[in-house]
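Taking it in order: structure first as structure tokens, then the write-up.
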Amino acid sequence: MMAKLFRAVIMGPPGSGKGTISERIAQRFGLKHLSSGDFLRENIAANTEAGVLAKTYIERGLMVPDHVMTRLLLPRLEEMTCHSWLMDGFPCTLAQAKALNSTCDLDLVISLNIPYETLKDRLSDRWIHPASGRVYNMGFNPPRVQGRDDLSGEPLIQHDDDQPEALVARLRHYKDVAKPVIDLYKSKGILHMFSGTETDRIWPYINSLLSTKIPSRPETDTQHIPLP
Ligand SMILES: Nc1nc2c(ncn2[C@@H]2O[C@H](COP(=O)(O)OP(=O)(O)O)[C@@H](O)[C@H]2O)c(=O)[nH]1
Ligand SMILES: Nc1ccn([C@@H]2O[C@H](COP(=O)(O)OP(=O)(O)O)[C@@H](O)[C@H]2O)c(=O)n1
């Protein structure tokens with residue numbers, strides 16, 4: 001276990017590679033990857049009160065209100081007192097960032113800055129394994145068998161809110177709400193922004209940054225892992 005706990009957030013518009021990069025970070029540095037989108041989908045599948053409410057927003061390509069997000073996520077974070085974690089997709093508004101602030105001190109925030117055309121192309125090709133949250137892309141990282149998850153063999157699905165009609169509204173909204181959050185983390189001196197069109201070109205910079213802050217897991221140094 002790491003000597004000091006490490007708490008990080010990864011921000012970026014839909015399709016910017018938060019999930020893909022989070023998985024790489026989790027694998028290399030042993031942080032627990034917490035995905036706000038996955039928490040939401042788990043709650044929707046389980047028909048919890050928050051899940052039923054969240055569904056009505058997600059279906060319309062809208063953000064879930066702050067009080068629903070914080071009620072859902074903060075208790076999960078409070079349970080993780082002994083773990084280092086990387087939170088993906090939360091906070092995405094200033095109110096969420098302030099609520100998170102009152103729960104824990106973040107060590108680092110990664111913000112991904114990816115052009116619109118790239119996001120649109122990626123998302124129209126995004127396929128998900130709902131049970132695990134594993135993400136595929138027909139060009140970038142296709143499944144071994146078309147339409148099937150590599151590990152379980154179960155069918156892959158596409159999210160309704162990845163379709164271009166919902167996407168434009170999601171991106172516009174992201175831009176508006178993320179700016180004050182980015183400014184807040186910038187003023188705290190913990191924001192690191194990465195721009196580009198390819199995850200494989202951004203990843204080495206994120207990897208080097210994190211290597212200066214946390215040791216990589218010993219087992220990943222000796223085993224073959226499929227990272228560039
Ligand atoms: N073509 C391409 N697709 C990528 C790249 N990085 C990630 N993707 C794919 O783009 C989609 C969005 O990535 P994801 O990690 O889910 O982004 P998130 O919405 O920010 O969590 C997924 O289908 C990924 O497999 C890349 O560099 N090139
Ligand atoms: N902090 C958050 C995170 C997700 N969400 C909602 O949950 C949906 C799915 O989240 P996600 O993290 O899988 O989205 P992507 O950025 O991966 O496309 C988003 O499109 C939002 O509708 C939200 O409202 N607030």
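Numbering starts at 1 and runs along the chain as displayed.
Any Cβ shown, glycine's included, is placed from N, Cα and C.
Over in TrEMBL, the protein carries these features:
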type	residues	note
BINDING	G15, S16, G17, K18, G19, T20, R126, V135, Y136, T199	ribonucleoside 5'-triphosphate binding site
REGION	35-64	region 'NMPbind'
BINDING	S36, R41, Q96, R170	AMP binding site
REGION	125-162	region 'LID'
DOMAIN	126-161	domain 'Adenylate kinase active site lid'
DSSP-derived structure type at R170 (AMP binding site), helix or strand or else coil: helix
Mean of the pLDDT scores, which run from 0 to 100, over the region 'NMPbind' (35-64): 87
Cα-Cα distance linking R170 (AMP binding site) and G19 (ribonucleoside 5'-triphosphate binding site), given in Å to the nearest integer: 17
Cα-Cα distance linking G15 (ribonucleoside 5'-triphosphate binding site) and Q96 (AMP binding site), given in Å to the nearest integer: 21
Cβ under 6 Å from ligand 1: qualifying binding-site residues of G19, S36, R170: G19
Between G17 (ribonucleoside 5'-triphosphate binding site) and R170 (AMP binding site), the C-alpha gap once rounded to whole angstrom: 15
Inter-residue C-alpha distance, G15 (ribonucleoside 5'-triphosphate binding site) and R170 (AMP binding site) (nearest angstrom): 11
CB within-chain contacts under 8 A for Y136 (ribonucleoside 5'-triphosphate binding site), separation at least 6: R126, W127, I128, H129, P142, P143, L156
Largest tally of Cβ atoms lying within 10 Å of a Cβ, found at which of the binding-site residues G15, G19: G15
Tally of DSSP helical, extended and coil residues in the region 'NMPbind' (35-64): 20 helix, 1 strand, 9 coil
Other CB atoms, at most 10 A from the CB of Q96 (AMP binding site): 21
Structural state of Q96 (AMP binding site), classified by DSSP into three states: helix
Cβ neighbours of R126 (ribonucleoside 5'-triphosphate binding site) where a neighbour is any other Cβ within 10 Å: 18
Binding-site residues close to ligand 2 - of G17, S36, R41, only those whose C-beta is under 6 Å away: S36
